[in-house]
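Below is one structure, written out as structure tokens, with a few remarks after it.
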Amino acid sequence: MTTSSWSLLWQQFEQSFKHTSDALGINGINWQVIFFKSFGQVLVSLMIILVFAALYWALAALLKWTMIRWEYGTRFMVAVRLVLRYLFILVLMVALLAQYGASDVVLKAAARAGLMALSIYIVWLLLSRALASNLSRHHIDSSLEQLCKNSLSVTLITLGCITVLAQFGFDVVSIIAGLGIVGIAVGFAAQSTLANFIAGITLLIERPFRIGDWVKIHGEEGRVVRIAFRTTWLRTRDNIFTMIPNESVATSDIVNFSVEGCTRIRIPLGIGYKESVEEVRRLIMPILNAHPMVVSDERLTARVQMREIGESALMLSAQVWVHAKDIEVKGRISCELLEQIQHAVAKAGIEMPYRNIQLHLDDELKRNSLPKDNIS
């Protein structure tokens with residue numbers, strides 16, 4: 001484009017800007033003064049930021065050197081550095097607000113709000129460490145530990161927000177009352193969820209079972225894989241996940257097979273009346289003790305006991321103990337033992353009778369049931 005074309009374009013731009021200014025009523029504004037004033041404020045702000053950044057890095061380096069020399073812990077160093085960084089950011093924000101003409105009331109409110117927020121952060125830091133130390137010392141469940149930490153964080157964050165808003169003149173009482181009304185409405189709308197949540201907290205406190213335990217709840221048997229705030233998750237032997245509401249778990253009978261670390265498996269057997277129980281016991285005991293998943297302990301020994309004299313057999317019970325981690329394959333253990341016992345008993349020629357049923361028909365019933373051609 002030629003010089004005359006650029007001049008014509010600039011004149012058109014000036015005319016358009018003049019018409020727009022007239023329409024908006026801002027034709028009398030000295031834009032040149034506003035531009036230089038804004039540019040100067042931006043330059044001063046950049047200088048303030050650079051000065052504060054240099055001071056921060058210098059103090060941070062001095063702090064690091066002091067901490068290393070006096071052998072303070074890394075966590076303490078990180079916490080002090082965070083506080084120092086926050087203070088510098090707070091002072092920088094107040095300085096920038098003053099640079100752009102904020103009133104004294106706003107500056108004082110911002111400074112007070114920042115210091116209040118810093119105080120609450122320090123309190124949260126100290127309480128979190130004390131809480132974590134106490135919970136780990138008392139071996140509290142990890143889910144309950146996380147709940148306590150989250151509750152502390154939510155409480156202090158809410159308190160911090162209310163305190164900061166109060167510094168700027170907001171009506172804190174009205175805010176708290178509004179939150180209370182909202183909480184009541186939510187409580188009525190989610191009664192079932194709250195009931196499950198409270199039941200979940202009760203389960204975490206009482207701990208009738210833990211993650212990894214094999215339990216039976218509401219007729220469902222499986223391993224506990226998760227204890228959430230609303231449901232408890234079980235994994236059955238068929239690798240099916242069952243989610244039971246915590247309210248139902250808290251009000252039902254709970255059978256925990258893993259509390260003592262071992263559980264017993266009973267295998268029913270039947271032998272003939274003429275067989276010797278002692279001989280059968282000597283035959284079966286080596287099979288029970290040789291299985292790799294059977295517990296070999298002086299207190300938890302395998303046994304073969306006579307339970308009753310049945311209608312057609314002597315009823316025995318082979319009893320073995322297995323570890324809690326092997327309860328999931330309880331059926332496989334029973335099957336393997338039964339197969340080995342049956343093979344050993346058959347090889348030894350020991351009779352394993354079964355129930356026989358004999359039917360006796362009277363003469364009249366026989367005549368009615370037989371074909372007429374066969375009746376003489």
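Quick reminder: no glycine exception, Cβ is built from N, Cα and C everywhere.
Curation does not apply to TrEMBL; its annotations are automatic.
Residues or ranges marked as transmembrane segment in TrEMBL: 42-63 (among others).
The annotation transmembrane segment is assigned in TrEMBL to 83-102 (among others).
What TrEMBL lists as transmembrane segment is 114-132 (among others). Outside the transmembrane segment (114-132) by six or more residues, the chain places 79, 83, 86-87, 90, 93-94, 145, 148-149, 152-153, 156, 159-160, 163-164, 167 with a CB less than 8 A from a CB of the stretch.
Among the features that TrEMBL reports, domain 'Mechanosensitive ion channel transmembrane helices 2/3' is placed at 152-191.
Residues or ranges marked as transmembrane segment by TrEMBL: 152-170 (among others). Residues 109-110, 112-113, 116-117, 120-121, 123-124, 127-128, 131, 176 of the same chain lie 6 or more positions beyond the ends of the transmembrane segment (152-170) yet place their CB under 8 Å from a CB of it.
TrEMBL lists 176-205 (among others) with the feature transmembrane segment.
Shown for the domain 'Mechanosensitive ion channel MscS' (193-258): DSSP residue counts in helix, strand and coil, namely 20 helix, 25 strand, 21 coil. The feature domain 'Mechanosensitive ion channel MscS' is assigned by TrEMBL to 193-258.
Averaged over the domain 'Mechanosensitive ion channel MscS C-terminal' (266-352), the predicted model reaches a pLDDT of 88. Here TrEMBL flags 266-352 as domain 'Mechanosensitive ion channel MscS C-terminal'.
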DSSP assigns the residues of the domain 'Mechanosensitive ion channel MscS C-terminal' (266-352) as 39 helix, 24 strand, 24 coil
